[in-house]
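The Mn(2+) 2 binding site annotation in TrEMBL covers A:Cys143, A:His145, A:Glu177, A:His201. Annotated Mn(2+) 1 binding site per TrEMBL: A:His397, in sequence order. Summarising the annotation, TrEMBL assigns domain 'Peptidase M20 dimerisation' to A:223-299.
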Number of protein chains: 4
Amino acid sequence: MNVDADALTETRRDLHRHPEPAWCEFYTTARIVEELRARDVDELHVGPDALEESDEPRMSLPDQATRDEWMDRAVDAVADADLVERLDGGNTGAVAVIEQGEGPTVGLRVDIDGLPIPESDEESHAPAAAGFRSENEGYMHACGHDAHATVGLGVLDAVRHSDFSGTLKVFFQPAEERVAGGGPMSRSGHLDDVDFLYAVHIGLDHPTGEIVTGMGGFLAVSGFEVEFEGSPAHAGAHPEEGDNAIQAMAAAITNMYAIPRHADGPTRVNAGVVEGGTASNIVAAEAAMECEVRGQTTELMEYMWDETGRVVDAAADMHDVSAERSLNSRAPSAESDDELAALIGDAAGSVEGVDSIVEHDELGGSEDATFLMNRVQEQGGKACYVGLGTDHPGGHHTSEFDVDEDSLTIGVETLAGAIESLSESED
Amino acid sequence: MNVDADALTETRRDLHRHPEPAWCEFYTTARIVEELRARDVDELHVGPDALEESDEPRMSLPDQATRDEWMDRAVDAVADADLVERLDGGNTGAVAVIEQGEGPTVGLRVDIDGLPIPESDEESHAPAAAGFRSENEGYMHACGHDAHATVGLGVLDAVRHSDFSGTLKVFFQPAEERVAGGGPMSRSGHLDDVDFLYAVHIGLDHPTGEIVTGMGGFLAVSGFEVEFEGSPAHAGAHPEEGDNAIQAMAAAITNMYAIPRHADGPTRVNAGVVEGGTASNIVAAEAAMECEVRGQTTELMEYMWDETGRVVDAAADMHDVSAERSLNSRAPSAESDDELAALIGDAAGSVEGVDSIVEHDELGGSEDATFLMNRVQEQGGKACYVGLGTDHPGGHHTSEFDVDEDSLTIGVETLAGAIESLSESED
Amino acid sequence: MNVDADALTETRRDLHRHPEPAWCEFYTTARIVEELRARDVDELHVGPDALEESDEPRMSLPDQATRDEWMDRAVDAVADADLVERLDGGNTGAVAVIEQGEGPTVGLRVDIDGLPIPESDEESHAPAAAGFRSENEGYMHACGHDAHATVGLGVLDAVRHSDFSGTLKVFFQPAEERVAGGGPMSRSGHLDDVDFLYAVHIGLDHPTGEIVTGMGGFLAVSGFEVEFEGSPAHAGAHPEEGDNAIQAMAAAITNMYAIPRHADGPTRVNAGVVEGGTASNIVAAEAAMECEVRGQTTELMEYMWDETGRVVDAAADMHDVSAERSLNSRAPSAESDDELAALIGDAAGSVEGVDSIVEHDELGGSEDATFLMNRVQEQGGKACYVGLGTDHPGGHHTSEFDVDEDSLTIGVETLAGAIESLSESED
Amino acid sequence: MNVDADALTETRRDLHRHPEPAWCEFYTTARIVEELRARDVDELHVGPDALEESDEPRMSLPDQATRDEWMDRAVDAVADADLVERLDGGNTGAVAVIEQGEGPTVGLRVDIDGLPIPESDEESHAPAAAGFRSENEGYMHACGHDAHATVGLGVLDAVRHSDFSGTLKVFFQPAEERVAGGGPMSRSGHLDDVDFLYAVHIGLDHPTGEIVTGMGGFLAVSGFEVEFEGSPAHAGAHPEEGDNAIQAMAAAITNMYAIPRHADGPTRVNAGVVEGGTASNIVAAEAAMECEVRGQTTELMEYMWDETGRVVDAAADMHDVSAERSLNSRAPSAESDDELAALIGDAAGSVEGVDSIVEHDELGGSEDATFLMNRVQEQGGKACYVGLGTDHPGGHHTSEFDVDEDSLTIGVETLAGAIESLSESED
């Protein structure tokens, strides 16, 4: 296979310099679209056309002021201003399609957003030493989505120049870090004719040269916040006049953790952030918490979602306050299909630089590629989540995270190889 | 004044031998009625005629089997069987009326029930030594209501033979120990023309010879029980299938104690008895608790009643179980009127054996004479709760409790003296 | 194989007539010993000799009065009085040994205790119809341990008359229903030379003719009770003087359920029984609860044991009361070895009446055979828990439970067959 | 009496323009000291000399950066730089002494700090309209301490020019709003020879022309914060590895409110501000809360202090986290002595503009003048807290609060009149 490693590195470094948070991937999307336009793909669905239209605001959508700031920054970094404007309001991301004759429709999903983590400026941190450290101070590609987007473009190129017969769709998905973009993209319609879907993640404590052919163990997840609103009162003079939002929140927290374990499998619950009240001598009228529930299966997650809802409402009633719950993020569980995993193993076997093939690993956490995987699997297709090893100096979501750029070529060749074999396997 | 101390002693001892619990004062009522019939009082309202008629069962009414047993026991002790039958179903007690010409209507309230406390059989315990220990094993007049009923008869006699001009009503109230009889008697109609009401309590850590002219500090109280009902499940195999009544009860308990203090005055809450579940490996489907709330005023008690109700309902909702609350006892708060208290002080001053007159003391606990006091006060009348000192070897509600019978005469003379002076004061 | 089905039925029915609770299997042990003496086994370890000696009282040992009653009953039912006396104090059960030349030492563990469940007296209940219903009213063999003991004797007979070369030890274990007897028997020394151990359970929703060759999924368990002791106070007069045992217990319950889920596998916690307090107007000085924790592995159960311990202690501290925790029952987790399971499958294949062989099933609950299995496995031996199907009209632990006596022969032949093949496999 | 109303107004307006928060009263103290130096008082104790020296940092002392900022601002507003520096580190405030011959030592305590409340800039707000609105944006004299300091100077002048025979000490106390300055001033030694102490508060919903001769009902208070520190963990991947600071805080909150009511009188508890955690998917390693407890008496407050301490520690233990509690503020309860109150009534009677004299009112809240009052009373002296009515458009601690400057003269004349009469009363 004929992969331009230098071009991959250059693209990845440009994206690395411009990390953007969920729903604010304005520069990133514009840059990807520019690349895709240069390639003259058969179809290109950008922003709103790549996602389900919805009357509801996107989950975890930042406010307009924040988005404006990121739009300005993107335009300053020489993104197309008209395009950027189209992407506003939770409409980042893109879907590229190439059609190469009869054959299956194969999808590849990559995600594109960065994180609100300041990037290390130590000499030991390669992006700092080599001059492609984040230009958006306080934000960073600390989970390798810059590499993912790059691999997406690389695979598209490799397949374009191969004997692959069929259709390839590359999904550049926004807002994975908030577990918010997968749902809208899964319901965009673009997945509905996909026979086989791959998704890919770099790193995950696997070294350069190692490929995990199929990952599972995605916990279904719902992230949510709850706002309690009661009535203030002077805690010394008239405690009985208050409706205590902090007391309600405390009752909710304790009892959410005490929801019964479920015999069908692991569940999780966490109240991770709390805030409330104004002064030690005032009965708190307001309190809020950010929480999440998970389950080994989507059903188990929904069990926890329903139970926490009831606990929250009852805790509010108990202290005569109101509780408003809003969903911030959601992803189902999913499993990789063995058939697709096997093809990855086969393809990786002939890729230079691959020295270890692992059949299966568990993610342990959550990821909204599962929305796309489920969509395909529900319609009789197959899906597989591939692990692409890379030597990463710091852990994911740390200031020292980086990828070994050698793994970019490995990833492109492995995925493209498996995709090509899919058109053959149909023969 | 002309009081037959021996007769008082004999009556008290007979009642002491036959202690009966709340709503089962069959022998006691029959014996009182027999005495009143012998005196040819002007009106005698017995049992159902002495209480409000109600479609609801009386609070804390024992079950029929228990009542049957006490009715049999009363008839065996030579009570009038027909009369006893009339008293069944929460209809014990009596009201006696004597009319002696123009003048105010004065009431005296005494209570008549015993307690489920076994009486001491030590020689040092006078009733045991003198042969009038309880014949109803496990039950005892451990709070002096035998003395109260005796004083009620004694005052009636003393007033009957005095120059008192007006009407005297003596209220022999049942079921005080369960704070259950005062309400029905207060709404019987017999209180509605009472201008002045005295109630009396013996002991309360005041010695023989001491009179407390007016007591206050009655906390309003509601006693209640809550039954939680959920669904059982095997705690190992299917914990999620249970609706945990014990968890609901625990949440209710913790949060009931956490109800805000009230600026208007003292409040109280207690979950005093709990029970629930069947086995350590079964999610409990049932749990129950006995609780009480109090307040310095009736309003404060009602605040706690409302708040605990909301907490209990919400705790049940929180764990998807049902909660049924039932009221076991209730009494409002009350205060003694100074005018009546002053008359007690005046009267006591000329009673032989009185060597200490205390103007005011606080009860601290609850007592349903307050229902009768409130009824009179609400209609413009006055009410006063009198403390009658007696040397009592053991504390109230202990097996060693006893009264000094010398205080019977003191009580009769003091109360009768004050009542007589009321007719004079109208002149 | 040459199995006397009538003798098995007769033995089972005699044991069924005399169900005895944990640590009170006086008649049962005596009857088994009588049978074993008649067979002239090579070694017979009875009562204290079959269990670890311990300075600590056995877990869940009933009090002396209860044991005395069961001892009297056993003697009345014609058990050997001297023997019965030796069994007192948590020393029921027996181990029988037959030695038949060179070869492996094979163990078979059966349990022998009954349950405090009243037996159905309906005609539809076979023991009632056929006249062998429980003679100990309120107690019943509702889990088939009468059949287990019978199968134990039957296998001993079958192996005795077979070509088996080696040593067979049959463990008649007491107190399984309280998960209390397995530990002491596992530490008796008699397991220490066992190369292969089978345990067997009848029913478990498998029909007559079905054999489960190896069961797993035993949750490790600890049952415990906690006694909270504080100080009483009048809830109206001096609430601050109380140290509230019920409040402490409520805090403990809520927070025990809220112990974090564990990523390594399922855990369980339950507060199944609570009791406390004396009156609604008294701050409760005493409260107690019966609880359990479980884990998929022994480590997970120990995690929950440690966490609940910390929660209980802290809840007690929080309300200034003391908490005393005592262990009622404990069993580790275990898994069946495939090699032994395979031999069961082989043996069952040639047993008349077997029409279904299931390789694996999960118990879901807990069982203290795991102590014996662990002991053997820790020393390099192998262990296997066999499921013996039987049509049972009512569920386990219900008044209508019964076994299909045809399964007795099937069980004996299958187990004896597998045991015989173990001596061959050593050749 | 000869009071310069214009000078009072001018002083008050200058102080009003320069509100400073607790322990940052640099300009305020400097300005007061300048006034006192101009008067040539007999003794002047400034800053560290006016307070107890302590190795512990003052409660609620802002950090050095904050103090530096306020010191700069004070110097900019033309305060004496050397003096300002001496006041740093929690050493603001002053005590002025005038000696006028034989007679009692009389104290007057006024407080001097402002609040972090932005001042209204509406035309309807007199300071805005008349040009003496706060120059320290975000800070405001919203509780009238500018008037208090002014009255302190005015009384000193009035007494200086009167026939008063004795010693007058005026205490300009810092940091009342954080209930932090009263303690150190009370232990400075300057109170130890005070025979009679007055403290004064303006407003409190009493109109101009009304004087409350003696205020009581000060709830003793302790304000505190608690920091919980545990260990973070990924809530999906390894919930069991976290030590959950938020769960500990929730348990503490619920159980702090559930501390038993106390029969001796009102108590209060409030968790008014909470904050904790970093993300919904992380088990929170840190959480903090700001709380307070109060009691009708110092003993009752201390009961709540002890109980909350135990609850907090136990809640931390329960969830295996640490809890650090620090005291932010503290004040005891106090009552006004009738004798001093009566003198205020007498003095007020002859003050022009006084049209209503109220004998007693309850404060309901807390105030650390009680430290000084207690100090004097404990040594056999007498103390009295005087209410000085003023028409105030907005409530205390609101952006619209203002005082009617006519009340300044009334306050000065009333207090000076009472102080003068104290020297006479000694005759």
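Even glycines carry a Cβ here, placed using N, Cα and C.
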A:Cys143 (Mn(2+) 2 binding site) to A:His397 (Mn(2+) 1 binding site) - Cα separation in whole Å: 6
Residues satisfying Cβ distance under 8 Å from the residue listed as 'Mn(2+) 1 binding site', sequence separation of at least 6: A:Leu115, A:Ile117, A:Ala142, A:Cys143
Spatial neighbours of A:His145 (Mn(2+) 2 binding site) that are distant in sequence (at least 6 apart) but have CB under 8 A: A:Val110, A:Asp111, A:Ile112, A:Asp113, A:Gly114, A:Glu176, A:Glu177
Taken over the domain 'Peptidase M20 dimerisation' (A:223-299), the model's mean pLDDT: 95
Fewest other Cβ within 10 angstroms of its own Cβ, chosen from the binding-site residues A:Glu177, A:His201: A:Glu177
Number of helical, extended and coil residues in the domain 'Peptidase M20 dimerisation' (A:223-299), per DSSP: 18 helix, 33 strand, 26 coil
Three-state secondary structure, A:His397 (Mn(2+) 1 binding site) (per DSSP): coil
Chain-mates of A:Cys143, A:His145, A:Glu177, A:His201 with C-beta within 8 Å of site centroid, Mn(2+) 2: A:Asp111, A:Asp113, A:Leu115, A:His141, A:Gly144, A:His148, A:Glu176, A:His396
